[in-house]
Every structure is written in C-alpha cells, then in structure tokens.
Amino acid sequence: MKINRIRISDFRNIASLELELSDGANVVYGDNGQGKTNFVEAVWLFTGAKSFRGAKDGQLVRFGAPQAGLEMEFFAAGRDQHARVTVEGRRGAALNEIPLKSAAELAGHFCAVVFSPTHLSLIKNGPLEKRKFIDTSICQIKPKYIHILNQYTRVLDQRNRLLKDIAYETSLFDTLDVWDARLASFAAVLIKTRASFLDRLSPFARETYAGISGEKEALGLEYQSSLRCDTARSIPEIEEQVLEDLRAHRGEDIRSRVTGLGPHRDDIAVTLDGNSARVFGSQGQQRSCVLALKMAECEIIRETIGEYPVVLLDDVMSELDAARRDYLLNHLSGRQLIMTCCDRADFKHLTSGVSVKLEGGRVLTIRKYE
Ligand SMILES: Nc1ncnc2c1ncn2[C@@H]1O[C@H](COP(=O)(O)OP(=O)(O)OP(=O)(O)O)[C@@H](O)[C@H]1O
C-alpha cells in the first residue's frame with residue numbers, strides 16, 4: 001500500500017499543502033509546533049479511524065475555516081485509488097469518487113499503522129487503551145467488526161439504563177433476561193475475535209521485541225477476560241459462559257447500577273519475562289513493547305490483505321538509540337514510511353527517500369536522500 005500524493009486544506013495549522021510522496025522513507029521535519037504531527041494525523045484519517053490523538057472531529061478544522069478537506073491518491077489492492085475526507089462538524093468520506101455513508105467505511109481500503117509518543121499510554125495506562133488498540137487493529141482487517149462493537153455498546157447502554165431503573169421499578173427485573181441474552185451474543189463474538197487476533201499477533205510481537213531489545217527479555221501477551229470464559233472455546237460455548245456469568249453477577253450489577261463484567265472491562269496483559277510491563281518496565285522497555293505491538297500489527301495486516309500498511313512514526317526515532325533505530329529501519333524495509341523528527345540529520349544514513357521541511361503548516365523544502 002503506497003500513498004502517491006496527498007492534498008490537505010484547512011486542516012489544523014495546514015492551510016494548503018500538496019505533496020508527492022516517496023515509495024520508501026518520507027522524513028517530515030521541522031521545529032516544534034510546525035505541523036508535523038498534524039500531517040501524520042491527516043494521513044491517519046484515511047484509515048477511517050478517529051484521530052490517534054483523541055481529538056474530536058471539530059478540533060481538526062483550521063481555526064476560522066468552515067471545513068477541512070483531505071485528498072489522497074494511493075495504490076492498494078493492485079490499482080490506483082482516490083480517497084477524500086472532509087471534516088465539517090463530523091467526518092465524511094468518498095472512495096474513488098463514490099460517497100460513503102460514513103468515514104469509518106474507509107476502513108480496510110487504506111491501512112496504516114501509527115506510533116507516536118502518546119501511544120506509550122498503551123502500556124502506561126489502564127486496559128481502556130489496550131482495548132482501543134486491539135479494536136482499531138481488528139477494524140482494519142475486519143471492517144464489519146465495528147458494527148458488532150457498536151451493537152454491543154448500544155445493548156450495554158440499554159442494560160445499564162435498565163439497571164438504574166430497576167432500583168425504582170422492581171417489576172422491570174424480569175426484562176433483564178432479554179438484555180443479558182443480547183449482550184452475551186455480541187460479547188462472545190468480541191471476546192473470541194479479540195483473543196484470536198492476539199494469538200496471531202503474539203509471535204510477531206515477541207520476535208520484534210527480541211530484535212529491538214537484543215533478546216534481553218521475552219515479551220508476553222495474554223487476553224484477560226473479566227468473565228470466566230475459556231477463549232479457546234467456540235463462540236456459542238463462550239456465549240453460554242458469558243450468560244451464566246452475567247446472571248450470577250446480577251445482584252452486584254443492580255447494587256452498583258452498571259454492568260461490571262464483559263468485553264468493556266477486559267484487559268490485555270503485557271509482560272516482560274512474566275512481569276507486568278506497566279508496573280516493572282523501564283521507559284525504554286515500554287517503548288519497545290509498543291513498537292513491537294505496532295510492527296506485529298503490520299505483519300497481521302500483510303498476512304490478511306496481502307500488502308503492508310503505510311507506517312507512520314511520529315517523533316519516535318529520535319528517542320531510540322542507534323542500534324534500535326537501525327534494527328527498526330532494516331525491519332521496515334519494503335514499506336512506505338512517514339517519519340517525523342525535528343532534525344533532518346537524524347536520518348542522515350538513509351540512502352533513498354525524501355525529506356520534507358515543514359514551517360507554519362507549509363512545505364518549505366523537499367530534498368532527496370542519496
Ligand atoms: N484547529 C487548529 N487550527 C489551527 N492551528 C491548530 C489547530 N490545532 C492545532 N493547531 C496548531 O498546530 C500546531 C501544532 O502542530 P503539530 O502538533 O503538528 O506540531 P509538531 O510539528 O508535530 O510539533 P512537535 O515537534 O512539538 O511535536 C500548534 O501550533 C497548534 O496551535
């Protein structure tokens with residue numbers, strides 16, 4: 001998957017920008033606050049996902065402008081394609097000039113993997129970030145997954161509302177059966193899909209971590225369900241277990257007025273030699289864990305759709321020592337890379353690719369590495 005050309009208008013501090021990209025490395029550099037991350041964020045939006053910085057759509061439009069427009073020519077699935085994203089209150093999109101119902105429908109047509117310093121939260125923070133990572137990754141290779149996720153969230157909201165109402169209207173208790181059955185059916189699919197995805201991801205992540213860290217310690221990943229279910233079982237079997245657990249937990253749910261168990265409470269244990277990476281990992285080890293997860297995600301995407309995603313590395317390389325940087329660059333050959341940094345010299349060893357200097361959201365210079 002390769003981006004050939006991108007046009008950006010009124011997106012964050014980028015008033016107007018048009019750029020032809022190299023098939024290999026693209027180094028976007030410049031001083032702080034010049035629009036490097038904004039550029040990466042613009043590219044990321046073509047995956048159909050929300051901003052990786054957690055920004056609301058409205059925040060993406062340049063101050064004072066009515067809407068932001070993004071356009072991209074890219075090569076994927078063996079042909080040249082064109083995508084458009086507009087942000088005007090909410091995001092809209094078109095693929096090959098055909099309007100889509102929502103920007104999320106771009107998922108699977110253009111794939112990218114992004115890593116920025118904010119992604120350290122994947123290890124540092126609680127389970128929410130890990131669930132977001134796994135859900136976003138699955139959406140890229142299984143676009144229909146988003147519908148299951150949305151349906152689960154909707155049923156969960158309804159069950160939670162019911163739990164609140166039961167406190168005043170005990171006769172509503174009997175209706176819990178219906179919501180538990182619906183919740184269990186979506187929950188089982190989510191749990192099974194996430195656990196299977198993690199099983200595929202683990203060997204790649206372990207190998208990359210070993211490469212980045214020089215085989216010093218072993219990375220472990222494990223899906224930890226809040227329910228007592230065996231993820232190796234089939235979806236109908238998991239559904240039965242989920243239902244049993246939901247029923248057993250009803251008393252507690254009614255007391256706390258929220259659903260305490262389910263995929264919305266699940267976690268992924270990330271360990272180094274068996275110890276929690278969050279509790280015991282150093283800053284460098286935690287960064288290597290996230291990089292390993294992201295690089296493994298690239299491999300899963302390639303295995304599933306037959307081509308590598310575009311790799312977006314925002315302000316990452318400068319924080320790695322020379323050996324780790326070399327390992328990563330070698331490991332990433334054959335993929336289109338967009339990397340940001342403050343100093344072009346961070347990549348002085350590159351023998352191909354281009355560097356683009358940004359200033360005030362504008363392209364100042366374009367130079368080739370040779
Ligand atoms: N909606 C917006 N409209 C206009 N400017 C915005 C908007 N949102 C953010 N900005 C501006 O974009 C700039 C930040 O850009 P960006 O995050 O891309 O910086 P950067 O080049 O990656 O910097 P650093 O090296 O510090 O990470 C800031 O000056 C900020 O004020």
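Glycine too: its Cβ is placed from the backbone N, Cα and C atoms.
Some features that TrEMBL has for this protein:
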type	residues	note
BINDING	G30, D31, N32, G33, Q34, G35, K36, T37	ATP binding site
DOMAIN	3-356	domain 'RecF/RecN/SMC N-terminal'
Cβ contacts of D31 (ATP binding site) (under 8 Å, same chain, 6 or more positions away): C342, E359
Fewest other C-beta atoms within 10 angstroms, as judged across G30, G33, G35, which are the binding-site residues: G33
Shell list (ATP; ref centroid = CB of G30, D31, N32, G33, Q34, G35, K36, T37; cutoff 8 A): N38, T340, C342, L358
For Q34 (ATP binding site): intrachain residues, at least 6 apart, with Cβ closer than 8 Å: N13, L358, E359, G360, G361
Most crowded position, judged by CB atoms within 10 A, among N32, T37 as binding-site residues: T37
Residues near K36 (ATP binding site) in space but at least six apart in sequence (CB under 8 A): V28, Y29, G30, D314, D315, T340, C341, L358
